[in-house]
Amino acid sequence: MHYLIVSYSHKNTDIATRERLAFDNGVRSESFLRELVANKFINEGILLSTCNRVEFILSVKEAHKAGDFLMEKLSEYSKIPKEELSERADVYEDTGAIHHLFCVCSSLDSLVVGETQIAGQLKSAFKFAYDGGFCSQKLSRAMHFAFKCAASVRNCTEISKNPVSVASASVSKAKDILGDLGGDTAIVVGLGEMSQLTIKHLTALGCNVILVNRDKAKAEAFAKEFGGMVSVEGFPRLGELLNHHKMLFSATGAPHTVISKDMVEPKSFRRYWFDLAVPRDIEAFESETIRIFAVDDLQEIVNKNLSLREEQAKRAYGIIGRFTQEFYKWLQSLSVDPIIKAMREQAKEAALKEITKAISKGYLPKECEKSVEKIIHNSFNTFLHHPTIKLKEISEEPQSDTVVEAVKLLFGIQEDGLMLDRYKCEYDTTSKEREE
């Protein structure tokens, strides 16, 4: 089994291409994951799609063949040539894949380093795949460890202190352009997490908000939190509103644009629109009085954020490196523990068999049975103590697979008999004890 991650992000793929690769946690994601795990080289899969990245987190039998199949299917889905997809992709295998996953979950690979949205987005992607039956033991282990790593990074560094997000970066950009936003009015389209964060940042600066959403009841319930600073309108009024206000922020998660050029009326005042969605909500067009900012246009603020957090990022990378090593040590110990148990069970079974035989032949009085059992039990525990310790030590070394397979062969231990499924994510229940 191998871990494989294929990544398209703000680092290697422009926003127009990311739009074509984007998925939502719906029918398209389900259908794509079903095709992937049906392939004989792919065991499990998780699909992460956000405004800044599309990543395929896989457990595979053969990385090269699994990756090739993924590229074929992704080309069919996106209508992007397979060769271009291969050239753009960042591909990570095994240790590299786990390290990358931990970096992503800890927000070190984010456009805005230290933002906390990505961990929640990964949890949603994991839950979607798990509930759909597209991932099980192997990826569950990696994901649970990733979440623990991200928590450790947050707790042991200040990388998420006063975090900058795409939402806060867009509001900061608007403030840089327009100055004090107090008393101004901005339109916010959609009520997803990004829109909610944007509204919180705007109202904190004293800016009033007109929230445009299809579900007015849900929007009105959210608006109540802001004491009259947020009013709600339905989508039919969007065309009218965007022609009367200078600020607009959109993050709907729709698979198509919701604001088109033909909705725009000529006005004398300048307008600033922030498209925080991928795929983009706003149709790309040229205008002398409207400036449209997409996610990738916030790089200046992001770079400032990076420099401020550079020292904390170094500490975070150290934590991630340690967690990556711990993860593989833990995986290897999982494969050893059932073998040790099987060895002890064999010794116990042989001892009990001989005791029963001795009693039946009159060599041993029945009343001595329990005492002899205890003596023999202590004897084989003593005998197996050193091999057990040595096997656990070897399990942390590169050659562990060869040694473990040899032990299984010597003792006649069958893989099916180990019941490795029982060991699904033991780290969740034992790590706290180890950390204490």
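All residue numbers here begin at 1 and follow the chain in the order shown.
Just so it is clear, glycine is given a Cβ too, placed from its N, Cα and C backbone atoms.
Since this is a predicted model, take the numbers as computed values, not measurements.
Annotated active site, nucleophile per Swiss-Prot: Cys51, in sequence order. Cys51 (active site, nucleophile) carries neither a helix nor a strand DSSP state and counts as coil. Listed in sequence order, Val166, Met194, Ala251, Leu276, Ala277, Val278, Val295 are the same-chain residues six or more apart from Cys51 (active site, nucleophile) with CB atoms under 8 A from its CB.
For the recorded site, Ser110 (substrate binding site), the DSSP three-state label reads coil. What Swiss-Prot lists as substrate binding site is Thr50, Cys51, Asn52, Arg53, Ser110, Glu115, Thr116, Gln117, Gln121, and the listing cites sequence analysis.
Taken from Swiss-Prot, the feature NADP(+) binding site applies to Gly190, Leu191, Gly192, Glu193, Met194, Ser195, supported by sequence analysis. Around the Cβ of Met194 (NADP(+) binding site), a 10 Å sphere holds 25 further Cβ atoms from the protein chains shown.
Taken from Swiss-Prot, the feature site 'Important for activity' covers His100, and the record attributes it to sequence analysis. In sequence order, Ile5, Ser7, Asp90, Tyr92, Asp109 make up the list of same-chain residues 6 or more apart from His100 (site 'Important for activity') whose Cβ falls under 8 Å from its Cβ.
Each of Ser107, Leu111, Val112, Ile118, Val166 belongs to the same chain as Thr50, Cys51, Asn52, Arg53, Ser110, Glu115, Thr116, Gln117, Gln121, is absent from that list, and has a C-beta within 8 angstroms of the C-beta centroid marking the substrate site. Residue pair Thr116 (substrate binding site) / Gly192 (NADP(+) binding site) shows a Cα separation of 15 Å.
For Leu191 (NADP(+) binding site), the nearest of the binding-site residues Thr50, Asn52, Ser110 in terms of C-alpha separation is Thr50. Within 8 Å of the centroid of the Cβ atoms of Gly190, Leu191, Gly192, Glu193, Met194, Ser195, where the record puts NADP(+), the same chain has further Cβ atoms from Gln196, Leu197, Thr198, Ala251, Thr252, Gly253. According to DSSP, Gly192 (NADP(+) binding site) sits in a coil region rather than a helix or strand.
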